[in-house]
Amino acid sequence: MAALKVAVVGAGVIGLSTGLCIVETCPSCSVTVLSEQFSPNTTSDVAAGMLIPHTYPGTAIHVQKQWFKETFSYLFAISNSAEASEAGIHLVSGWQIFKNPPREESPFWSDVVLGFRPMSKAELQKFPQHQFGQAFTTLKCDCPPYLLWLEKRLKAAGVQMYTRKVSDLWELQSEYNVVVNCAGIGAHHLVGDEKLFPVRGQVLKVHAPWVKNFIRDGDGSTYIYPGIHRVTLGGTREKENWSLSPDPGTTKDIFDRCCSLEPSLQGAQDVKVKVGLRPSRQSVRLNREVLSQGGVKLLVVHNYGHGAGGFSVHRGTAKEAAHLVAECIAALPGSSSRAKL
């Protein structure tokens with residue numbers, strides 16, 4: 001019997017990690033990744049890659065926590081391996097600070113990150129405008145190297161990758177048994193999802209190697225995230241703004257806000273401005289769907305709509321999507337994998 005063929009549409013962190021999980025879950029499948037853009041031109045390349053979860057109002061907290069735990073464990077293992085530098089993954093300690101104390105003293109993910117605790121009075125002296133804070137250690141993914149590392153893993157597993165614009169999932173029906181939609185903001189047009197909207201993010205990538213600790217304003221509007229080579233300064237959250245052009249006024253505003261939290265950033269060099277559109281919705285769309293046209297069926301798994309929290313849950317959602325693909329395969333006529341599930 002010929003190998004069953006699975007197409008993954010999208011090559012951001014969600015598409016690549018979903019492809020890798022499908023290979024691990026269904027090793028007899030032939031997997032192909034199709035995308036109009038690959039690194040360094042994806043939305044994921046702009047992301048800061050900090051593992052600090054964003055809450056999805058439409059998704060149960062225990063599900064979000066499981067996704068985050070699986071992602072944290074996976075990246076923590078890489079950070080403890082010889083591949084940490086190539087994959088761009090490292091531990092970083094720092095502070096999340098609040099002008100007014102949050103309703104919940106500990107977020108749902110506080111026991112997944114390392115050493116979570118309230119900040120001491122002495123630590124808070126660094127931030128005179130803020131009354132309360134949380135200190136912890138989490139993981140940071142430098143996104144371009146991590147995407148290249150994922151691509152390398154996929155190629156080693158025999159996955160094909162092609163630059164191709166997919167305008168309609170039906171165009172893949174004759175070539176593939178299952179299609180996995182990881183198109184991010186592209187799903188707005190690809191599957192006509194009206195619940196999906198862009199949240200424009202503009203960030204600065206600067207050279208400031210003396211900045212070792214992350215600082216995040218509790219509302220997520222201003223943040224300083226040190227990476228291996230550059231520090232990411234942010235940010236903006238502009239709903240329904242589709243513009244990918246950097247705005248000079250916004251650049252100055254971001255820089256001023258970050259300098260107010262970390263005055264030493266005044267000496268930062270080589271400022272690069274990046275813009276990305278976060279694919280946002282009330283909940284991640286992670287489900288199976290059977291499309292039918294004139295008696296012909298197309299098995300689809302959707303995994304998109306991660307918004308600002310994609311890196312924090314990418315591995316957890318990819319594993320779940322891979323299990324949905326395995327269910328689709330088991331349901332195919334004459335499938336030999338039915339017994340294994």
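Here the Cβ of each residue, glycine as well, is placed from N, Cα and C on the backbone.
According to TrEMBL:
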- 1-19: signal peptide (SIGNAL)
- 5-324: domain 'FAD dependent oxidoreductase' (DOMAIN)
- Thr43, Ser44, Val166: FAD binding site (BINDING)
- Tyr223, Arg278: D-dopa binding site (BINDING)
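When pLDDT is averaged over the domain 'FAD dependent oxidoreductase' (5-324), the result is 96. Cβ contacts within 10 Å of Val166 (FAD binding site), excluding its own Cβ and spanning all protein chains shown: 19. The maximum pairwise C-alpha distance among Thr43, Ser44, Val166, the residues recorded as binding FAD, is 19 Å. Separation of the C-alpha atoms of Thr43 (FAD binding site) and Arg278 (D-dopa binding site): 7 Å, rounded to the nearest whole number. Around Arg278 (D-dopa binding site), the same-chain residues at least 6 positions away in sequence with a Cβ under 8 Å from its Cβ are Thr43, Ile185, Pro198, Val199, Arg200, Gly201, His306, Gly307, Ala308, Gly310. Here the CA atom of Tyr223 (D-dopa binding site) lies 17 Å from the CA atom of Ser44 (FAD binding site). Each residue contributes its Cα atom, and for Val166 (FAD binding site) and Tyr223 (D-dopa binding site) these two points are 35 Å apart. When each of the binding-site residues Thr43, Ser44 is scored by how many other Cβ atoms sit within 10 Å of its Cβ, Thr43 comes out lowest.
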